[in-house]
Each structure stands twice: as structure tokens, then as C-alpha cells.
Amino acid sequence: QDLPGNDNSTATLCLGHHAVPNGTIVKTITDDQIEVTNATELVQSSSTGKICNNPHKILDGRDCTLIDALLGDPHCDVFQDETWDLFVERSNAFSSCYPYDVPDYASLRSLVASSGTLEFITEGFTWTGVTQNGGSSACKRGPASGFFSRLNWLTKSGSTYPVLNVTMPNNDNFDKLYIWGVHHPSTNQEQTNLYVQASGRVTVSTRRSQQTIIPNIGSRPWVRGQSGRISIYWTIVKPGDVLVINSNGNLIAPRGYFKMRTGKSSIMRSDAPIDTCVSECITPNGSIPNDKPFQNVNKITYGACPKYVKQNSLKLATGMRNVPEKQTRGLFGAIAGFIENGWEGMIDGWYGFRHQNSEGTGQAADLKSTQAAIDQINGKLNRVIEKTNEKFHQIEKEFSEVEGRIQDLEKYVEDTKIDLWSYNADVLVALENQHTIDLTDSEMNKLFEKTRRQLRENAEDMGNGCFKIYHKCDNACIESIRNGTYDHDIYRDEALNNRFQIKGVELKSGYKDWILWISFAISCFLLCVVLLGFIMWACQRGNIRCNICI
């Protein structure tokens, strides 16, 4: 394509930037829809569908809940002394022992999950005057009746059940978790058959706390052939403290303690399969990459994960403002510089030059300005990820029915946090996009001004991103302009002379229009005079008669 106004004594140099036929729409602070040459998606909207077992240690609960594994349900014995980073509970988990309830189930589950271990230490509790190791047909261990392996069901010995008073000090330097329980018989007959007394009582104390439980005797819905229940309780004994257990019946005693650890282990409900792969971020839907700052896969996460937002898509501009190249314009197929449109097909840079001189036409990228823009944009995605990705986990929240108001408040807080992060993400991306577009526009303007300062009076700004150079400028001359070594003094005299000649020709060419208009006016006047004279002559000879009626 030819550039306008060229002959052997002049040249034309245009500056422009990269463009693509179909850009990407992004949002900025000042414009909801602006087209750029390239953009990166910031929201991860899909998972792998599987949970990766690396770098986190994943423990698959299979058909056991964490609490069943903690108590020692017979079908969960494989989990004894296990450790994990993330315990995965399955929807098909079930209990196969004596029916029980945990009044503070959510707290116990969360406490054990964060500890990341089921390491159990057996202690020598002395239970005098009672029968130990009680079992039930509802809790088969093999063909025989059994019970939870971490608990000791105490019943009467003969016809007596003495008052039990046992102490166990914590002489170690770590917290100890003791699990114990209270049996609620279904009938008074069952109560006396097991514990002699018509009503038992269990009190468990430390220096910091005390719990007293009185059994509730009564029939309940049948579960695995039992209408009685066991309530599970737990006590933490600090270093230097003492555990005191006092009971006259219905005690489900501890066999030892669980060693508590501090850490960032957690628990998650998921039916996604566990596979051999690597992923830092895990959701109930499966693992997701954490190479994006945001995700809308699931609010529940574990590991170094993107922030959860409501948006399905947020695009970060990683290219310049896109102005697709116009089709050939004008009689000679002229094209303009960056002020009118971008240039398609410039694959070796973002900014560049097009020229036409006596040696022909050419195009070259300006690598320095291109690299300056790329260097500033490349770090944007990493900076956004650093601002949002943190090593934390958002666990599931569970509340009992009596804690409904707390659950509502928790849900409100979580929803508010998500709303805030969604808004912050929108603003953050819009700000970064605005900065990117301003930055790339600035680099184009810098290159244009740099070229203008080099050419000075040797060229004229054509107003469309191009310069008309008023001296002969071969390819070596064009290259010197591009690389900044152009010396305008060398060409100044030639440029001034050519400028005056070209302007003079343009001035003389302008008089032709005036002459044409004057000639046309005189011709019209003479034609009117001749016509009028002919009419007057014809009237005098009588060839034309003119009647005027009033």
C-alpha cells in the first residue's frame, strides 16, 4: 500500500502500533467495554473433578466419618493412629456400632480435623469393683459383640456398682484430648440391670472446667436393634492439669487420650475421587489450579487457593488498546499512522514504523518501546495473584438446631465477605486494565515525540501519526531515525529548500482555482451581453415583437 505525498526528493514515515482483527473486551474504571489486543482470564471456573494427593496428604474416609474413626467404630479400625492434611468424608459414610450422639459434634469434629492425627495413647485407668469391656450386639467386631475400641463400657460387678473416683494428671507438655460418654438406657429395668442404681451420674472435671451429666432413661427410635443411646463428650487437659472422673453408674470411660497437635489440617465433605496428581488448592468439586487470583468453583477450599468471587469472568488486559486497521482509503490506497488506526500483521513487536522512500516501502518494529511495555505488563498477573492467593482454608460450618441464629449470622458474614471480595476484584481488575491501556498509549506517544524531536524542521507532522520528510531519505536514513542516530543538521539545508519549493508549487497551484472562477464569470457576462444585443436588434427590425400588458 502506498503512502501519500512521495517522490524521489521526499519520504514519508508513519508510526503505529499492533492491532488484531478481533480483540477482547475488558472493563476499565472509565469504560465498561473497551477492546484490547490481548487479555487473560482471571477467574478459574472449573475443577479437575478429582482430588490430588500431592503436595497435601489426603486421607480418604471412605465409609467412615471422622468421629467414627475417632471413637473406634469396628469398621473404622484401619484409621487408628492415622495422620492427614485433609480428611475427606464421603456421603456414603455410616456408623456400625452402638447408636450415639455428640452434643457438640461440630466443635469436636473441627478440633480433631485441625489436629491432623488420630494418634492414641492408652493409659492405665483403675476401675475397681465394676465390670469392664462391655459390648453390644449392635457393634459387631467379627462374630462377637463388641464396642468402640477407644471407649470402655463399665457395668456392675455382681450386684454392686460402687462410686468411682479416678484421677489422671497431665505431666506432659502437650494438650490431651479425652473422649468419654454417658449411657442412656431405654427402660428402668435396663438401668438397674446394668448399673444397680435407679439413676446414675457422671462428673468429669479439670481445674478449668466441670461437666455433670445425668442419664435420661427412656425409649428412643430403634437403631441397629437398640433403643438406648450413648452421648459422647470430650475434655481437654492442659499440661500440669488433672482429669477427675466421678461416677456411680452409666459411665462410658476413656481408655486413654489423643495427642493434640496444632496445625492447618482440615476436613472436607466430597465425593470426588482421589488421584495421583499435584495441586495446591482443593475444593469439594475437586482440585483446581491456583494460577489465577479468583475462582467461582466452590466457597469451601483447602490450601493455597484463589479467592472465591461471584463473577464468572474477569479479564485482565495484557495488551494495548485495539484499533483494527481500516481498509484501503482514498484514490491511492493511503494508510495512516496510530492516530487513525492500528496495524495488523505486525508480529515482531507492539510498536513500529512504516515508510516509503525512493527505494520503496518497508516496515520494522521498535523493540525498545515494545519491551518497555511488555516488562511493565508481565508482572501484573503475578502481582494480582500475590494480593489474593493466601495459604488458608475455608472449612464447612456446622451448627446444631439450637444454634440456628448463630448459623444465620455466620451465613450473613460469609455472604458479606464474598460480596466484598467480588466488588474488590471488579475494582482491582478495572484499575489494572486502566493502567495497562494508559501505559501502552503512553509508550506510543513517547515514541512519536522521540521521532518528532529527531526530525525537527526537516519533516512535517501530517496529523495522522505520519511525518512528511522534506529531503531524500534512503533506507539507511530511515534506519537512523528508528535507532535514534539521525542527525537533522546533515539534511537541514536540503529539507528547507525542498519545503519552500513544494510549498511554492502548492501556492501557485492555488491561483489556478481563482483564474478558473474569474474566467467562468467573464464568459457568463459576455454571453448575456451578446444575447441581450441580439434581442434589441431583432426588435428594431420588427422580427420580434414584445407586448407588455399591465
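Placed from the backbone N, Cα and C atoms, the Cβ positions cover glycine too.
Cross-referencing C97, C139, C277 with Swiss-Prot gives C277 as the cysteine bonded to C52, criterion being a recorded disulfide. Between C473 and the candidates C466, C477, Swiss-Prot records a disulfide bond only with C477. Cross-referencing C14, C139, C281 with Swiss-Prot gives C139 as the cysteine bonded to C97, criterion being a recorded disulfide. Ranking the recorded positions N22, N38, C539 by the distance of their Cα atoms from the Cα of C281 (disulfide bond) places N38 first. Neighbour counts of Cβ atoms within 10 Å were compared for the glycosylation sites N8, N22, N285, and the top value is held by N285. Counting every protein chain shown, the number of other Cβ atoms lying within 10 Å of the Cβ of C281 (disulfide bond) is 24.
For C277 (disulfide bond), the spatially nearest entry among the recorded positions C97, N165, C549 is C97, judged by CA separation. Taking the C-alpha positions, the distance from C139 (disulfide bond) to C76 (disulfide bond) comes to 12 Å. For the recorded site, N483 (N-linked glycosylation site), the DSSP three-state label reads helix. Neighbour density at the Cβ, taken as the number of other Cβ atoms within 10 Å, is lowest among the disulfide-bonded residues C64, C97, C139, C277, C473 for C277.
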